[in-house]
Amino acid sequence: MASKTTSEELKTATALKKRSSDVHAVDHSGNVYKGFQIWTDLAPSVKEEPDLMFAKCIVQAGTDKGNLTCVQIDPPGFDEPFEVPQANAWNVNSLIDPMTYGDIGMLPHTNIPCVLDFLKVRFMKNQIYTTADPLVVAINPFRDLGNTTLDWIVRYRDTFDLSKLAPHVFYTARRALDNLHAVNKSQTIIVSGESGAGKTEATKQIMRYFAAAKTGSMDLRIQNAIMAANPVLEAFGNAKTIRNNNSSRFGRFMQLDVGREGGIKFGSVVAFLLEKSRVLTQDEQERSYHIFYQMCKGADAAMKERFHILPLSEYKYINPLCLDAPGIDDVAEFHEVCESFRSMNLTEDEVASVWSIVSGVLLLGNVEVTATKDGGIDDAAAIEGKNLEVFKKACGLLFLDAERIREELTVKVSYAGNQEIRGRWKQEDGDMLKSSLAKAMYDKLFMWIIAVLNRSIKPPGGFKIFMGMLDIFGFEVFKNNSLEQFFINITNEMLQKNFVDIVFDRESKLYRDEGVSSKELIFTSNAEVIKILTAKNNSVLAALEDQCLAPGGSDEKFLSTCKNALKGTTKFKPAKVSPNINFLISHTVGDIQYNAEGFLFKNKDVLRAEIMEIVQQSKNPVVAQLFAGIVMEKGKMAKGQLIGSQFLSQLQSLMELINSTEPHFIRCIKPNDTKKPLDWVPSKMLIQLHALSVLEALQLRQLGYSYRRPFKEFLFQFKFIDLSASENPNLDPKEAALRLLKSSKLPSEEYQLGKTMVFLKQTGAKELTQIQRECLSSWEPLVSVLEAYYAGRRHKKQLLKKTPFIIRAQAHIRRHLVDNNVSPATVQPAF
């Protein structure tokens, strides 16, 4: 195996194995079924390479019903038998060709090793798309497979019967577009996955599909503006991370007006959860947002002089250890962004303002807020000397009044009634205010660019129905999870509720259509975890907001409040390690530990009302619009300023929008961290399959009557239970299926017959498999006799056919011997 997970990831993956299968390798007589195979995590190769997770083995004769005696067969090269307890054995999908199955849920066994093996076989043969209905799983191949060309778009767009084509992002796009116009209801395609899994690429390909109109008569100006905006959004919202060289650091929801025959008529973009802290600092192997590097490398001499652009290594907000990103040409992308600005119809003055603000944000980082003695404070904030010169340049680039901003960063103003009280900020407070200004200017500039785009692409009368596209991170579980992961995981819990509701609705509809009782369908809701995370009272977010606004609030007090308010729930737990600062949330995907240190600081957008007023009064029209419409109260934080309340309000609006649509799900998965083709790490795959609810989708299908097959497929699969029923031409398929089930003596509560298919509970399907296995096993002696009999008859027939040739050969040999006067007795055998 070419790459490995970290020890922490391997530990997580190992914990996700869950219980083993109900394996039946031995018949009632104590004999092992011939050729019976299992998966196990105790195989020699797994001990040598834990990332492998499972290996395939064949069960040997001599096995009892307790432990299984096995020999590993895949990977090969291990011939020594070893013992496997039943608790470490999983069933194998024998005689199954993964390339003929588009849906994982149709496999006989959907345990974890079977799912991993199924996906691996398809991945290694370049089939990166698979269905786990209602999800489409897309595995990043880290290379161009040539399966997203215009020819492929046309194939999926123009086919009459879409069901005959393999899973693909174009399949999802076509189905969503058909539904949009057939039922006149808005659709949403939700694309999720961890950084580097291919979300951005999948979203781009879906956009290309929608843009590919059958006719060329439509106005392409708006479509071109939407497509051209992608480089700008990526430049301002994407960055190089350890996991991905082009990682989206924000969530994006797009609304598109797509024609019945394709082509994008209008659109709108909503961005949320931009990672503002990246503007200030980056980890050792990471970069800030692409736009900073594009500007510094791509600007000509005149532009550098005009906007005071320095070499990248001279900026304190830029990590000097990582100035380049593999596969990214910053200079070429700078020119692409400039071209995109023109396509978005930005004026020359607006473009100049954008570059000025970007440069000003970087230069503001070079301003050091120093400590001085003043007003009885030993470490009063000050900006003076050379720092003042740099500060004035930065404020000039940001189109802000330098003297007024300097005063707000150093002089503390509070109010007692109508009386103004002036003092000094401490050095650390002044530095925090400066950092908040830099983050806020960048964040609001990003939002302004999106607003400009929307003004040019929105439909004049609003959307009647729309095609939605949500590009969002999946559940994030790191070694150290902070407020960013907390917000991301709240978002995913909301999406998970939507997902479960969809699965339940689809299952219920199938049962109704088939005339089958759905009383067996009982799904588990995540409503409780959402409540303890986001409720107005007695929730984690409520406690965080209260502590942020309370005098003397702290991370420790926030955590203490949570413990007191939520002690009656099982979804919030103190951590075993450092419980004074860590806490656990029982999310849908399992327990996730959060570190509360820094929660309050990150939740406070401490850009004070007085500073926002200065920004709003800027003479530059772009800057003046950045904080337009924000309600302010001097001496206090602006209303709605806390990140948590902004996030929750935005999320609730987003969920209302999505819940009004019919959703489709694409789960993007990264098979390795090396970003190399054909490199497959099972432990990494397992973590993502769990975090993206792929395994849960399969589990949900196991509820109620989890097995459902058309009558003919059912008869073919279980025909040996009763050949007189399955092979009877006088019975229609439904009658034959019922007779076979009666012959099996399967309890009636284990199955129902619908209009076109058989429905079996999971236990019933396993019982039928066992019954058929025992039938075949009991026939084995007879089969052996018949095989020997027919082999003998076949040999005799072949011999009889050859007899004339043998007699003729003998005659020729005898004649040869006589002609040469050779006695037969002198001829020596040749063996």
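Using the three backbone atoms N, Cα and C, a Cβ is placed for every residue, glycine included.
Residues annotated as ATP binding site in Swiss-Prot, with similarity to another entry given as evidence: GLY193, GLU194, SER195, GLY196, ALA197, GLY198, LYS199, THR200. In the structure as shown, the Cβ atom of GLY193 (ATP binding site) sits within 10 Å of 26 other Cβ atoms. Secondary structure at GLY193 (ATP binding site), as computed by DSSP, is strand.
Positions annotated as domain 'Myosin motor' by Swiss-Prot: 99-773. Along the domain 'Myosin motor' (99-773), the predicted structure has mean pLDDT 90.
The region 'Actin-binding' annotation in Swiss-Prot covers 663-673. Tertiary proximity for the region 'Actin-binding' (663-673) is limited to same-chain residues at least six positions away from its ends with a CB under 8 Å from its CB atoms, namely 2-3, 5, 123, 132, 134-140, 142, 169, 172, 175-176, 187-194, 196-199, 202, 243, 474, 498-499, 502, 679-681, 684-685, 688-689, 692-694.
Feature annotation from Swiss-Prot assigns region 'Tail' to 775-831.
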Relative to the mean position of the Cβ atoms of GLY193, GLU194, SER195, GLY196, ALA197, GLY198, LYS199, THR200, the recorded ATP site, which additional same-chain residues have Cβ within 8 Å? ASN140, ASN244, SER247, SER248, PHE473, CYS668, LYS670
Quick check on the region 'Actin-binding' (663-673): DSSP residue counts for helix, strand, coil, in that order please. 0 helix, 7 strand, 4 coil
Find, among the binding-site residues listed as SER195, THR200, the one whose Cβ has the highest number of other Cβ atoms within 10 Å in the structure shown. THR200
For the binding-site residues GLY196, GLY198, the one whose C-beta sees the most other C-beta atoms within 10 angstroms: GLY198
Which of the three DSSP states, helix, strand or coil, fits THR200 (ATP binding site)? helix
